[in-house]
Amino acid sequence: MCGIVGAVAQRNITPILLEGLKRLEYRGYDSCGVALHVDGALQRSRSTSRVADLEKQVDETGLKGFTGIAHTRWATHGAPASHNAHPHFSPSSDNARIALVHNGIIENHDELRAELTALGYVFQSQTDTEVIAHLVDHMYNGDLFDTVQQAVKRLHGAYAIAVFAREEPHRVVAARQGSPLIVGVGQGENFVASDAMALAGTSDQIIYLEEGDVVDLQLGKVWIVDVNGKSVEREVKTVHAHTGAAELGPYRHYMQKEIFEQPRVIGDTLEGITGVMPELFGDGAYKVFKEIDRVLILACGTSYYAGSTAKYWIESIAKVPVNVEIASEYRYRDSVPDPRTLVVTISQSGETADTLAALKHARALGMEHTLTICNVATSAMVRECKLAYITRAGVEVGVASTKAFTTQLAALFLLALTLAQVNGRLTDEEEAAHLKAMRHLPSAITSVLALEPQIIAWADEFARKENALFLGRGLHYPIALEGALKLKEISYIHAEAYPAGELKHGPLALVTEEMPVVTIAPNDTLIEKLKSNMQEVRARGGQLFVFADVDSRITSGDGVHVIRMPEHYGQLSPILHVVSLQLLAYHSALARGTDVDKPRNLAKSVTVE
Ligand code: G6P
(Lines of atoms letter the chains of each structure in order from A and count residues from 1; the text may use other names and numbers.)
(Lines give C-alpha, C1' and ligand atoms only; values in the text may rest on other atoms or scores of the structure.)
Protein backbone atom coordinates (compact mmCIF):
# COMPACT_ATOMS: atom_id res chain seq x y z
CA MET A 1 0.00 0.00 0.00
CA CYS A 2 1.06 3.63 -0.41
CA GLY A 3 4.32 4.71 1.18
CA ILE A 4 5.89 8.12 1.82
CA VAL A 5 9.48 9.24 2.30
CA GLY A 6 10.65 12.85 2.47
CA ALA A 7 13.85 14.62 3.45
CA VAL A 8 15.49 18.00 4.02
CA ALA A 9 19.28 17.79 4.15
CA GLN A 10 22.53 19.37 3.02
CA ARG A 11 23.50 16.40 0.90
CA ASN A 12 21.98 14.71 -2.12
CA ILE A 13 18.95 12.85 -0.75
CA THR A 14 17.98 10.89 -3.88
CA PRO A 15 19.57 7.65 -2.60
CA ILE A 16 17.84 8.05 0.79
CA LEU A 17 14.44 8.56 -0.83
CA LEU A 18 14.87 5.60 -3.19
CA GLU A 19 16.22 3.34 -0.47
CA GLY A 20 13.21 4.30 1.68
CA LEU A 21 10.85 3.39 -1.17
CA LYS A 22 12.60 0.04 -1.55
CA ARG A 23 12.07 -0.70 2.12
CA LEU A 24 8.36 0.01 1.66
CA GLU A 25 8.07 -2.05 -1.54
CA TYR A 26 6.94 -5.22 0.21
CA ARG A 27 3.71 -3.49 1.23
CA GLY A 28 2.52 -3.65 -2.39
CA TYR A 29 2.25 -0.79 -4.91
CA ASP A 30 1.65 -0.25 -8.58
CA SER A 31 3.56 2.95 -9.34
CA CYS A 32 6.15 5.16 -7.70
CA GLY A 33 7.78 8.54 -8.01
CA VAL A 34 10.17 11.08 -6.58
CA ALA A 35 10.33 14.89 -6.71
CA LEU A 36 13.23 17.14 -5.76
CA HIS A 37 14.06 20.79 -5.48
CA VAL A 38 16.65 21.35 -8.23
CA ASP A 39 18.19 24.77 -8.93
CA GLY A 40 15.11 26.79 -8.00
CA ALA A 41 12.67 24.45 -9.76
CA LEU A 42 10.73 21.31 -8.93
CA GLN A 43 11.60 18.19 -10.90
CA ARG A 44 10.20 14.71 -10.74
CA SER A 45 10.45 11.21 -12.11
CA ARG A 46 7.62 8.65 -12.03
CA SER A 47 7.26 5.01 -13.01
CA THR A 48 4.51 2.43 -13.30
CA SER A 49 7.11 -0.25 -12.83
CA ARG A 50 9.29 -1.15 -9.85
CA VAL A 51 11.39 1.22 -7.71
CA ALA A 52 14.46 -0.27 -9.45
CA ASP A 53 13.10 1.14 -12.71
CA LEU A 54 12.55 4.54 -11.10
CA GLU A 55 16.13 4.40 -9.84
CA LYS A 56 17.36 3.75 -13.39
CA GLN A 57 15.36 6.71 -14.67
CA VAL A 58 16.74 8.93 -11.91
CA ASP A 59 20.31 7.82 -12.68
CA GLU A 60 19.84 8.52 -16.37
CA THR A 61 18.46 12.02 -15.81
CA GLY A 62 20.89 12.76 -12.97
CA LEU A 63 18.07 13.90 -10.67
CA LYS A 64 19.69 15.15 -7.45
CA GLY A 65 18.70 17.55 -4.71
CA PHE A 66 18.76 18.43 -1.01
CA THR A 67 14.99 18.62 -0.46
CA GLY A 68 12.41 16.19 -1.76
CA ILE A 69 9.65 13.66 -1.39
CA ALA A 70 8.97 10.18 -2.79
CA HIS A 71 6.04 7.80 -2.92
CA THR A 72 4.85 4.30 -3.73
CA ARG A 73 1.20 4.31 -4.87
CA TRP A 74 -1.45 1.63 -4.59
CA ALA A 75 -4.25 2.83 -6.84
CA THR A 76 -7.58 3.84 -5.31
CA HIS A 77 -8.74 6.86 -7.37
CA GLY A 78 -7.56 6.48 -10.94
CA ALA A 79 -5.76 3.65 -12.74
CA PRO A 80 -2.14 2.73 -11.99
CA ALA A 81 -0.83 5.04 -14.72
CA SER A 82 2.12 7.40 -14.79
CA HIS A 83 -0.03 10.55 -14.73
CA ASN A 84 -1.73 9.30 -11.54
CA ALA A 85 1.56 8.44 -9.79
CA HIS A 86 2.74 10.79 -7.04
CA PRO A 87 4.32 13.32 -6.46
CA HIS A 88 1.64 15.61 -7.87
CA PHE A 89 2.55 19.10 -8.97
CA SER A 90 0.56 22.30 -8.85
CA PRO A 91 -0.43 24.42 -10.66
CA SER A 92 0.94 22.37 -13.60
CA SER A 93 3.76 20.07 -14.65
CA ASP A 94 5.72 22.83 -16.43
CA ASN A 95 5.19 25.46 -13.79
CA ALA A 96 5.37 23.58 -10.52
CA ARG A 97 5.20 25.61 -7.33
CA ILE A 98 4.01 22.79 -5.06
CA ALA A 99 4.90 19.07 -4.97
CA LEU A 100 2.86 16.71 -2.82
CA VAL A 101 2.51 13.02 -1.93
CA HIS A 102 -0.42 11.50 -0.08
CA ASN A 103 -1.54 8.27 1.56
CA GLY A 104 -5.21 7.78 2.39
CA ILE A 105 -8.48 8.85 0.81
CA ILE A 106 -9.96 12.33 0.64
CA GLU A 107 -13.71 11.90 0.82
CA ASN A 108 -14.70 15.41 -0.31
CA HIS A 109 -12.41 15.40 -3.34
CA ASP A 110 -15.28 15.86 -5.81
CA GLU A 111 -16.45 19.02 -4.14
CA LEU A 112 -12.90 20.42 -3.88
CA ARG A 113 -12.16 19.47 -7.48
CA ALA A 114 -15.20 21.43 -8.67
CA GLU A 115 -14.15 24.43 -6.60
CA LEU A 116 -10.54 24.36 -7.83
CA THR A 117 -11.58 23.79 -11.45
CA ALA A 118 -13.76 26.88 -11.22
CA LEU A 119 -10.66 28.75 -10.01
CA GLY A 120 -8.84 27.71 -13.21
CA TYR A 121 -6.85 24.65 -12.06
CA VAL A 122 -6.52 22.02 -14.76
CA PHE A 123 -6.35 18.47 -13.39
CA GLN A 124 -3.76 16.11 -14.89
CA SER A 125 -4.86 12.99 -12.97
CA GLN A 126 -7.92 11.20 -11.63
CA THR A 127 -6.51 11.13 -8.11
CA ASP A 128 -7.93 12.66 -4.97
CA THR A 129 -4.32 13.66 -4.16
CA GLU A 130 -4.03 16.24 -6.93
CA VAL A 131 -6.90 18.08 -5.27
CA ILE A 132 -4.72 18.65 -2.18
CA ALA A 133 -1.78 19.84 -4.27
CA HIS A 134 -3.95 22.46 -5.99
CA LEU A 135 -5.61 23.41 -2.72
CA VAL A 136 -2.21 24.06 -1.10
CA ASP A 137 -1.10 26.03 -4.15
CA HIS A 138 -4.28 28.09 -4.13
CA MET A 139 -3.99 28.88 -0.42
CA TYR A 140 -0.19 29.39 -0.46
CA ASN A 141 0.75 32.58 1.42
CA GLY A 142 4.55 32.39 1.30
CA ASP A 143 4.69 30.23 4.46
CA LEU A 144 4.16 26.56 3.63
CA PHE A 145 3.76 25.48 7.26
CA ASP A 146 1.00 27.98 7.85
CA THR A 147 -0.61 27.21 4.48
CA VAL A 148 -0.76 23.46 5.11
CA GLN A 149 -2.29 24.01 8.56
CA GLN A 150 -5.07 26.01 6.89
CA ALA A 151 -5.46 23.67 3.92
CA VAL A 152 -5.89 20.45 5.89
CA LYS A 153 -8.91 22.00 7.61
CA ARG A 154 -10.68 21.66 4.26
CA LEU A 155 -9.98 17.93 3.94
CA HIS A 156 -12.42 15.23 4.99
CA GLY A 157 -11.15 11.67 5.16
CA ALA A 158 -7.82 10.07 5.90
CA TYR A 159 -4.47 11.45 4.92
CA ALA A 160 -0.76 11.49 5.52
CA ILE A 161 0.84 14.10 3.28
CA ALA A 162 4.29 15.49 2.63
CA VAL A 163 4.68 18.64 0.58
CA PHE A 164 7.35 21.14 -0.43
CA ALA A 165 7.29 24.46 -2.26
CA ARG A 166 9.48 26.01 -4.95
CA GLU A 167 9.77 29.22 -2.96
CA GLU A 168 11.06 27.48 0.20
CA PRO A 169 13.94 25.24 -0.83
CA HIS A 170 14.89 23.93 2.64
CA ARG A 171 11.51 22.95 4.01
CA VAL A 172 9.18 19.95 3.87
CA VAL A 173 5.82 20.15 5.62
CA ALA A 174 3.86 17.03 6.51
CA ALA A 175 0.54 16.29 8.18
CA ARG A 176 -1.49 13.29 9.23
CA GLN A 177 -5.05 12.38 10.05
CA GLY A 178 -6.07 8.74 9.98
CA SER A 179 -2.94 7.49 8.16
CA PRO A 180 0.39 6.86 9.92
CA LEU A 181 3.34 9.23 9.58
CA ILE A 182 6.61 9.48 11.45
CA VAL A 183 9.49 11.96 11.62
CA GLY A 184 13.13 10.86 11.63
CA VAL A 185 15.30 13.40 13.43
CA GLY A 186 18.85 13.71 12.12
CA GLN A 187 21.92 15.93 12.66
CA GLY A 188 21.19 19.07 10.67
CA GLU A 189 18.79 17.07 8.48
CA ASN A 190 15.31 15.71 9.00
CA PHE A 191 13.09 13.09 7.44
CA VAL A 192 9.48 12.05 7.23
CA ALA A 193 8.05 8.64 6.31
CA SER A 194 4.94 6.56 6.57
CA ASP A 195 6.85 3.88 8.51
CA ALA A 196 10.05 3.88 10.59
CA MET A 197 11.27 0.97 8.48
CA ALA A 198 11.66 3.35 5.49
CA LEU A 199 14.32 5.25 7.44
CA ALA A 200 16.25 2.23 8.76
CA GLY A 201 19.93 3.03 8.41
CA THR A 202 19.18 6.75 8.00
CA SER A 203 17.63 7.78 11.32
CA ASP A 204 16.64 5.81 14.41
CA GLN A 205 15.41 8.91 16.31
CA ILE A 206 11.72 8.64 15.59
CA ILE A 207 8.72 10.82 16.45
CA TYR A 208 5.30 9.21 15.95
CA LEU A 209 3.01 12.01 14.83
CA GLU A 210 -0.44 12.04 16.38
CA GLU A 211 -3.83 12.52 14.73
CA GLY A 212 -4.15 16.05 13.37
CA ASP A 213 -0.44 16.94 13.74
CA VAL A 214 1.25 19.17 11.17
CA VAL A 215 5.06 19.19 11.14
CA ASP A 216 7.54 21.68 9.77
CA LEU A 217 10.83 20.05 8.77
CA GLN A 218 13.81 22.29 8.17
CA LEU A 219 17.53 21.60 8.28
CA GLY A 220 18.03 21.99 12.03
CA LYS A 221 14.44 22.19 13.15
CA VAL A 222 11.36 20.04 13.68
CA TRP A 223 8.30 22.03 14.73
CA ILE A 224 4.99 20.28 15.37
CA VAL A 225 1.56 21.77 15.92
CA ASP A 226 -1.39 19.67 17.04
CA VAL A 227 -4.92 19.52 15.70
CA ASN A 228 -5.74 22.81 17.46
CA GLY A 229 -2.73 24.58 15.95
CA LYS A 230 -0.94 24.56 19.33
CA SER A 231 2.81 24.04 19.36
CA VAL A 232 3.58 20.61 20.88
CA GLU A 233 6.61 18.56 21.88
CA ARG A 234 6.38 14.89 20.90
CA GLU A 235 8.62 12.27 22.41
CA VAL A 236 11.62 11.22 20.30
CA LYS A 237 12.05 7.44 20.55
CA THR A 238 15.04 5.38 19.57
CA VAL A 239 13.64 2.79 17.19
CA HIS A 240 15.74 0.03 15.73
CA ALA A 241 13.47 -0.66 12.80
CA HIS A 242 14.08 -3.82 10.84
CA THR A 243 16.36 -3.16 7.94
CA GLY A 244 13.79 -4.53 5.54
CA ALA A 245 13.74 -7.75 3.65
CA ALA A 246 16.20 -10.40 4.62
CA GLU A 247 18.05 -12.39 2.03
CA LEU A 248 16.09 -15.04 0.16
CA GLY A 249 18.72 -17.68 0.80
CA PRO A 250 17.90 -20.98 -0.90
CA TYR A 251 14.24 -20.03 -1.51
CA ARG A 252 12.63 -18.85 -4.72
CA HIS A 253 10.17 -16.52 -3.06
CA TYR A 254 9.76 -14.76 0.27
CA MET A 255 6.49 -16.60 0.75
CA GLN A 256 8.26 -19.94 0.56
CA LYS A 257 10.98 -18.71 2.88
CA GLU A 258 8.39 -17.45 5.34
CA ILE A 259 6.48 -20.74 5.28
CA PHE A 260 9.70 -22.53 6.14
CA GLU A 261 10.57 -20.04 8.89
CA GLN A 262 7.49 -21.01 10.86
CA PRO A 263 9.11 -23.50 13.23
CA ARG A 264 11.65 -20.85 14.25
CA VAL A 265 9.27 -17.88 14.58
CA ILE A 266 6.72 -19.87 16.58
CA GLY A 267 9.61 -20.85 18.85
CA ASP A 268 10.63 -17.15 19.08
CA THR A 269 7.06 -16.07 19.82
CA LEU A 270 6.79 -18.53 22.68
CA GLU A 271 10.38 -18.08 23.90
CA GLY A 272 10.80 -17.60 27.60
CA ILE A 273 7.24 -18.60 28.42
CA THR A 274 7.55 -20.80 31.44
CA GLY A 275 3.95 -20.63 32.51
CA VAL A 276 0.60 -19.08 31.74
CA MET A 277 0.69 -15.54 33.15
CA PRO A 278 -1.63 -12.61 32.39
CA GLU A 279 1.38 -10.25 32.48
CA LEU A 280 2.55 -11.77 29.18
CA PHE A 281 -0.11 -9.51 27.66
CA GLY A 282 1.13 -6.37 29.43
CA ASP A 283 1.11 -4.64 32.80
CA GLY A 284 -2.28 -4.67 34.42
CA ALA A 285 -3.56 -7.54 32.26
CA TYR A 286 -4.73 -9.59 35.25
CA LYS A 287 -7.04 -6.79 36.42
CA VAL A 288 -8.40 -6.29 32.90
CA PHE A 289 -8.98 -10.03 32.35
CA LYS A 290 -10.77 -10.21 35.70
CA GLU A 291 -13.09 -7.38 34.73
CA ILE A 292 -14.33 -8.76 31.43
CA ASP A 293 -17.21 -11.11 30.67
CA ARG A 294 -16.80 -11.41 26.90
CA VAL A 295 -14.35 -10.93 24.05
CA LEU A 296 -14.79 -8.98 20.83
CA ILE A 297 -12.18 -9.70 18.16
CA LEU A 298 -11.67 -7.17 15.35
CA ALA A 299 -9.45 -7.88 12.34
CA CYS A 300 -9.22 -8.08 8.54
CA GLY A 301 -8.10 -10.71 6.02
CA THR A 302 -5.93 -13.50 7.33
CA SER A 303 -5.90 -11.93 10.80
CA TYR A 304 -9.68 -12.27 10.84
CA TYR A 305 -9.32 -16.02 10.30
CA ALA A 306 -6.85 -16.16 13.20
CA GLY A 307 -9.57 -14.50 15.30
CA SER A 308 -12.19 -16.94 14.02
CA THR A 309 -10.00 -19.86 15.14
CA ALA A 310 -9.45 -18.22 18.52
CA LYS A 311 -13.21 -18.08 19.08
CA TYR A 312 -13.27 -21.89 19.20
CA TRP A 313 -10.34 -22.00 21.61
CA ILE A 314 -11.50 -19.27 23.98
CA GLU A 315 -15.08 -20.52 24.20
CA SER A 316 -14.01 -24.12 24.65
CA ILE A 317 -11.07 -23.64 27.05
CA ALA A 318 -11.93 -20.43 28.93
CA LYS A 319 -15.74 -20.57 28.51
CA VAL A 320 -15.79 -16.85 27.72
CA PRO A 321 -18.18 -15.85 24.89
CA VAL A 322 -16.41 -14.47 21.83
CA ASN A 323 -17.66 -12.40 18.93
CA VAL A 324 -15.37 -12.08 15.89
CA GLU A 325 -16.06 -9.20 13.53
CA ILE A 326 -14.60 -8.07 10.23
CA ALA A 327 -13.27 -4.64 11.16
CA SER A 328 -14.63 -2.85 8.08
CA GLU A 329 -18.14 -4.10 8.88
CA TYR A 330 -18.04 -3.55 12.62
CA ARG A 331 -17.02 0.10 12.37
CA TYR A 332 -20.16 0.96 10.42
CA ARG A 333 -22.84 -1.19 11.98
CA ASP A 334 -25.02 -0.60 15.01
CA SER A 335 -23.92 -3.04 17.67
CA VAL A 336 -24.73 -3.49 21.32
CA PRO A 337 -21.67 -2.44 23.33
CA ASP A 338 -20.82 -3.93 26.68
CA PRO A 339 -18.13 -2.17 28.75
CA ARG A 340 -17.16 -5.54 30.27
CA THR A 341 -15.75 -6.62 26.91
CA LEU A 342 -12.12 -7.33 26.09
CA VAL A 343 -11.63 -5.82 22.64
CA VAL A 344 -8.87 -7.75 20.84
CA THR A 345 -7.46 -6.44 17.57
CA ILE A 346 -5.30 -8.79 15.52
CA SER A 347 -2.96 -7.34 12.93
CA GLN A 348 0.29 -8.33 11.31
CA SER A 349 1.18 -4.75 10.37
CA GLY A 350 -0.54 -2.85 13.14
CA GLU A 351 -1.45 -0.28 10.50
CA THR A 352 -4.59 -1.62 8.84
CA ALA A 353 -6.90 1.38 8.58
CA ASP A 354 -10.13 -0.57 9.05
CA THR A 355 -8.88 -2.37 12.15
CA LEU A 356 -7.59 0.86 13.69
CA ALA A 357 -10.90 2.58 12.97
CA ALA A 358 -12.88 -0.36 14.39
CA LEU A 359 -10.79 -0.17 17.56
CA LYS A 360 -11.52 3.54 17.90
CA HIS A 361 -15.20 2.86 17.28
CA ALA A 362 -15.26 0.22 20.04
CA ARG A 363 -13.59 2.64 22.43
CA ALA A 364 -16.01 5.40 21.49
CA LEU A 365 -18.79 2.98 22.45
CA GLY A 366 -17.30 2.79 25.94
CA MET A 367 -15.22 -0.39 25.65
CA GLU A 368 -11.90 0.58 27.19
CA HIS A 369 -10.33 -2.85 27.75
CA THR A 370 -8.20 -3.23 24.64
CA LEU A 371 -5.56 -5.76 23.67
CA THR A 372 -3.73 -6.21 20.39
CA ILE A 373 -1.98 -9.26 19.00
CA CYS A 374 0.44 -7.58 16.63
CA ASN A 375 3.70 -8.25 14.84
CA VAL A 376 5.05 -4.68 14.86
CA ALA A 377 5.93 -3.35 18.31
CA THR A 378 6.20 0.24 17.10
CA SER A 379 2.87 0.28 15.24
CA ALA A 380 -0.15 2.49 15.78
CA MET A 381 -2.15 -0.55 16.92
CA VAL A 382 0.24 -1.26 19.80
CA ARG A 383 0.27 2.39 20.78
CA GLU A 384 -3.53 2.61 20.74
CA CYS A 385 -4.22 -0.51 22.83
CA LYS A 386 -3.87 -0.82 26.58
CA LEU A 387 -2.42 -4.34 26.37
CA ALA A 388 -0.33 -6.02 23.69
CA TYR A 389 1.20 -9.34 22.79
CA ILE A 390 3.92 -8.92 20.19
CA THR A 391 4.30 -11.89 17.90
CA ARG A 392 7.85 -12.44 16.73
CA ALA A 393 7.30 -13.47 13.14
CA GLY A 394 9.92 -10.95 11.94
CA VAL A 395 9.36 -8.92 8.78
CA GLU A 396 6.88 -10.67 6.51
CA VAL A 397 7.55 -9.70 2.91
CA GLY A 398 5.17 -11.95 0.95
CA VAL A 399 1.83 -10.19 0.58
CA ALA A 400 0.01 -13.42 1.42
CA SER A 401 0.44 -13.81 5.16
CA THR A 402 1.87 -17.11 6.44
CA LYS A 403 4.21 -16.92 9.42
CA ALA A 404 2.37 -13.91 10.84
CA PHE A 405 -0.81 -16.04 10.87
CA THR A 406 0.65 -19.01 12.71
CA THR A 407 2.37 -16.80 15.30
CA GLN A 408 -0.97 -15.02 15.83
CA LEU A 409 -2.56 -18.42 16.41
CA ALA A 410 0.12 -19.33 18.97
CA ALA A 411 -0.45 -16.04 20.81
CA LEU A 412 -4.24 -16.48 20.71
CA PHE A 413 -4.01 -20.00 22.11
CA LEU A 414 -1.98 -18.56 24.95
CA LEU A 415 -4.71 -15.95 25.44
CA ALA A 416 -7.33 -18.71 25.68
CA LEU A 417 -5.23 -20.46 28.35
CA THR A 418 -4.70 -17.21 30.23
CA LEU A 419 -8.40 -16.31 30.30
CA ALA A 420 -9.12 -19.86 31.47
CA GLN A 421 -6.57 -19.51 34.26
CA VAL A 422 -7.90 -16.14 35.42
CA ASN A 423 -11.40 -17.67 35.53
CA GLY A 424 -10.19 -20.68 37.52
CA ARG A 425 -10.76 -23.07 34.63
CA LEU A 426 -7.21 -24.28 34.10
CA THR A 427 -5.68 -26.87 36.39
CA ASP A 428 -1.91 -27.08 36.80
CA GLU A 429 -1.94 -30.40 34.95
CA GLU A 430 -3.87 -28.91 32.02
CA GLU A 431 -1.54 -25.91 31.92
CA ALA A 432 1.51 -28.17 31.84
CA ALA A 433 0.02 -30.36 29.09
CA HIS A 434 -0.93 -27.38 26.91
CA LEU A 435 2.47 -25.75 27.34
CA LYS A 436 4.18 -29.01 26.46
CA ALA A 437 2.12 -29.22 23.27
CA MET A 438 2.96 -25.61 22.41
CA ARG A 439 6.67 -26.19 22.90
CA HIS A 440 6.50 -29.15 20.56
CA LEU A 441 4.94 -27.03 17.78
CA PRO A 442 8.22 -26.10 16.03
CA SER A 443 9.18 -29.73 15.58
CA ALA A 444 5.64 -30.74 14.61
CA ILE A 445 5.57 -28.00 11.93
CA THR A 446 8.94 -29.20 10.65
CA SER A 447 7.38 -32.61 10.01
CA VAL A 448 4.52 -30.97 8.08
CA LEU A 449 7.03 -29.06 5.94
CA ALA A 450 8.58 -32.40 5.01
CA LEU A 451 5.33 -33.17 3.14
CA GLU A 452 6.30 -30.61 0.49
CA PRO A 453 7.13 -33.14 -2.28
CA GLN A 454 3.71 -34.81 -1.96
CA ILE A 455 1.98 -31.43 -1.96
CA ILE A 456 3.89 -30.38 -5.11
CA ALA A 457 2.40 -33.40 -6.91
CA TRP A 458 -1.11 -32.20 -5.99
CA ALA A 459 -0.30 -28.60 -6.88
CA ASP A 460 0.54 -29.59 -10.47
CA GLU A 461 -3.01 -30.88 -10.78
CA PHE A 462 -4.53 -27.82 -9.06
CA ALA A 463 -2.69 -25.47 -11.35
CA ARG A 464 -4.85 -26.72 -14.25
CA LYS A 465 -8.14 -25.98 -12.44
CA GLU A 466 -10.06 -22.74 -12.21
CA ASN A 467 -12.14 -23.56 -9.11
CA ALA A 468 -11.63 -25.36 -5.84
CA LEU A 469 -13.64 -26.07 -2.71
CA PHE A 470 -12.19 -26.29 0.80
CA LEU A 471 -14.00 -28.15 3.55
CA GLY A 472 -13.35 -28.14 7.27
CA ARG A 473 -15.41 -28.59 10.41
CA GLY A 474 -15.28 -26.97 13.84
CA LEU A 475 -11.86 -25.57 14.68
CA HIS A 476 -10.70 -26.32 11.15
CA TYR A 477 -13.43 -24.40 9.37
CA PRO A 478 -11.52 -21.08 9.72
CA ILE A 479 -8.45 -22.95 8.49
CA ALA A 480 -10.38 -24.04 5.38
CA LEU A 481 -11.27 -20.36 4.86
CA GLU A 482 -7.62 -19.38 5.21
CA GLY A 483 -6.54 -22.16 2.82
CA ALA A 484 -9.03 -20.95 0.19
CA LEU A 485 -7.92 -17.35 0.69
CA LYS A 486 -4.25 -18.31 0.21
CA LEU A 487 -5.06 -20.19 -3.00
CA LYS A 488 -7.11 -17.39 -4.56
CA GLU A 489 -4.71 -14.62 -3.48
CA ILE A 490 -1.63 -15.98 -5.15
CA SER A 491 -2.73 -18.51 -7.80
CA TYR A 492 -5.91 -16.63 -8.88
CA ILE A 493 -7.84 -19.93 -8.77
CA HIS A 494 -11.34 -19.26 -7.53
CA ALA A 495 -11.65 -21.01 -4.17
CA GLU A 496 -14.48 -21.20 -1.65
CA ALA A 497 -14.47 -22.68 1.82
CA TYR A 498 -17.43 -24.23 3.60
CA PRO A 499 -18.05 -25.92 6.90
CA ALA A 500 -18.42 -29.46 5.55
CA GLY A 501 -21.92 -29.83 7.02
CA GLU A 502 -23.13 -26.97 4.83
CA LEU A 503 -22.15 -28.72 1.61
CA LYS A 504 -25.57 -30.20 1.00
CA HIS A 505 -27.22 -26.79 1.49
CA GLY A 506 -25.83 -25.33 -1.71
CA PRO A 507 -22.20 -25.81 -2.76
CA LEU A 508 -22.77 -29.48 -3.59
CA ALA A 509 -24.41 -28.17 -6.78
CA LEU A 510 -20.93 -27.10 -7.93
CA VAL A 511 -19.31 -30.49 -7.47
CA THR A 512 -18.26 -32.24 -10.68
CA GLU A 513 -15.16 -34.15 -11.77
CA GLU A 514 -13.59 -30.79 -12.52
CA MET A 515 -13.91 -29.59 -8.94
CA PRO A 516 -11.07 -30.46 -6.56
CA VAL A 517 -12.35 -30.57 -3.00
CA VAL A 518 -9.67 -30.03 -0.37
CA THR A 519 -10.70 -31.58 2.92
CA ILE A 520 -9.10 -30.97 6.28
CA ALA A 521 -9.57 -34.18 8.21
CA PRO A 522 -8.13 -34.08 11.72
CA ASN A 523 -8.97 -37.06 13.84
CA ASP A 524 -11.33 -35.21 16.16
CA THR A 525 -14.88 -35.79 17.35
CA LEU A 526 -16.27 -34.69 13.98
CA ILE A 527 -14.30 -37.17 11.88
CA GLU A 528 -17.20 -39.56 11.24
CA LYS A 529 -19.46 -36.66 10.21
CA LEU A 530 -16.74 -35.43 7.90
CA LYS A 531 -16.41 -38.86 6.30
CA SER A 532 -20.14 -38.69 5.43
CA ASN A 533 -19.60 -35.25 3.84
CA MET A 534 -16.75 -36.74 1.80
CA GLN A 535 -19.08 -39.47 0.56
CA GLU A 536 -21.49 -36.77 -0.62
CA VAL A 537 -18.68 -35.37 -2.78
CA ARG A 538 -17.55 -38.73 -4.13
CA ALA A 539 -21.12 -39.67 -5.08
CA ARG A 540 -21.14 -36.63 -7.43
CA GLY A 541 -17.79 -37.49 -9.00
CA GLY A 542 -15.87 -34.78 -7.09
CA GLN A 543 -12.13 -35.31 -6.55
CA LEU A 544 -11.16 -35.28 -2.88
CA PHE A 545 -7.75 -34.07 -1.73
CA VAL A 546 -7.63 -34.94 1.93
CA PHE A 547 -5.15 -33.86 4.58
CA ALA A 548 -5.87 -36.64 7.05
CA ASP A 549 -4.41 -37.14 10.50
CA VAL A 550 -2.23 -40.18 10.81
CA ASP A 551 -4.84 -42.07 12.84
CA SER A 552 -8.00 -40.98 11.00
CA ARG A 553 -8.35 -44.20 8.93
CA ILE A 554 -9.01 -42.39 5.66
CA THR A 555 -7.21 -44.08 2.79
CA SER A 556 -6.48 -43.17 -0.82
CA GLY A 557 -8.73 -44.77 -3.42
CA ASP A 558 -10.72 -43.91 -6.51
CA GLY A 559 -11.08 -40.11 -6.57
CA VAL A 560 -9.71 -39.84 -3.03
CA HIS A 561 -6.16 -38.57 -2.65
CA VAL A 562 -4.75 -38.58 0.85
CA ILE A 563 -1.73 -36.87 2.37
CA ARG A 564 -1.14 -38.10 5.87
CA MET A 565 -0.41 -35.44 8.49
CA PRO A 566 2.48 -36.62 10.68
CA GLU A 567 0.71 -36.45 13.99
CA HIS A 568 -2.66 -35.79 15.53
CA TYR A 569 -2.38 -32.55 17.41
CA GLY A 570 -5.57 -31.95 19.38
CA GLN A 571 -6.58 -28.35 19.86
CA LEU A 572 -3.42 -26.96 18.28
CA SER A 573 -4.06 -28.94 15.10
CA PRO A 574 -5.13 -25.85 13.06
CA ILE A 575 -1.56 -24.53 13.29
CA LEU A 576 -0.28 -27.67 11.57
CA HIS A 577 -3.03 -28.07 9.01
CA VAL A 578 -2.74 -24.51 7.75
CA VAL A 579 0.94 -25.05 6.91
CA SER A 580 0.05 -27.77 4.41
CA LEU A 581 -2.57 -25.47 2.83
CA GLN A 582 0.00 -22.67 2.55
CA LEU A 583 2.31 -25.05 0.68
CA LEU A 584 -0.53 -26.14 -1.61
CA ALA A 585 -1.33 -22.52 -2.50
CA TYR A 586 2.33 -21.64 -2.95
CA HIS A 587 3.12 -24.53 -5.30
CA SER A 588 -0.11 -24.10 -7.28
CA ALA A 589 0.81 -20.45 -7.84
CA LEU A 590 4.34 -21.42 -8.75
CA ALA A 591 3.07 -23.89 -11.34
CA ARG A 592 0.85 -21.17 -12.81
CA GLY A 593 3.76 -18.72 -12.95
CA THR A 594 2.15 -15.88 -10.97
CA ASP A 595 4.03 -13.18 -9.08
CA VAL A 596 3.79 -15.07 -5.78
CA ASP A 597 5.18 -12.40 -3.45
CA LYS A 598 3.32 -9.52 -5.05
CA PRO A 599 -0.01 -10.84 -6.32
CA ARG A 600 -1.93 -8.54 -8.63
CA ASN A 601 -4.08 -5.81 -7.06
CA LEU A 602 -3.14 -6.69 -3.47
CA ALA A 603 -1.17 -4.81 -0.85
CA LYS A 604 0.61 -6.03 2.23
CA SER A 605 -0.46 -3.25 4.49
CA VAL A 606 -3.85 -1.71 3.76
CA THR A 607 -3.70 1.79 5.17
CA VAL A 608 -6.81 3.07 3.41
CA GLU A 609 -10.37 2.07 4.13
C1 G6P B 1 -3.97 -7.21 3.63
C2 G6P B 1 -2.95 -8.31 3.47
C3 G6P B 1 -3.41 -9.56 4.18
C4 G6P B 1 -3.71 -9.25 5.64
C5 G6P B 1 -4.72 -8.10 5.78
C6 G6P B 1 -4.83 -7.63 7.22
O7 G6P B 1 -5.13 -7.52 2.94
O8 G6P B 1 -2.73 -8.59 2.09
O9 G6P B 1 -2.40 -10.55 4.12
O10 G6P B 1 -4.22 -10.38 6.25
O11 G6P B 1 -4.27 -6.99 5.02
O12 G6P B 1 -3.61 -7.06 7.61
P13 G6P B 1 -3.07 -6.94 9.07
O14 G6P B 1 -1.72 -6.28 8.92
O15 G6P B 1 -4.02 -6.07 9.82
O16 G6P B 1 -2.97 -8.29 9.65
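A Cβ is built for glycine as well, from the same backbone N, Cα and C atoms used for every other residue.
Predicted automatically and left uncurated, TrEMBL annotations should be read as such.
Annotation source TrEMBL lists active site, nucleophile at CYS2. Sequence annotations record features per position, and here TrEMBL assigns active site, for Fru-6P isomerization activity to LYS604. Annotation source TrEMBL lists domain 'Glutamine amidotransferase type-2' at 2-220. Residues or ranges marked as domain 'SIS' in TrEMBL: 285-425, 458-599.
Mean per-residue pLDDT, taken over the domain 'Glutamine amidotransferase type-2' (2-220), amounts to 94.
Here the domain 'SIS' (458-599) is broken down by DSSP into helix, strand and coil counts: 69 helix, 32 strand, 41 coil. Residue density at the residue listed as 'active site, for Fru-6P isomerization activity': 23 other Cβ atoms are found within 10 A of its Cβ, drawing on all protein chains shown. Sequence-distant neighbours of CYS2 (active site, nucleophile) (same chain, 6+ residues apart, CB-CB distance under 8 A): TYR29, HIS71, THR72, ARG73, TRP74, HIS102, ASN103, GLY104, SER194, THR607, VAL608.
Residues of the domain 'SIS' (285-425) grouped by DSSP class, helix first, strand second and coil last, total 66 helix, 28 strand, 47 coil.
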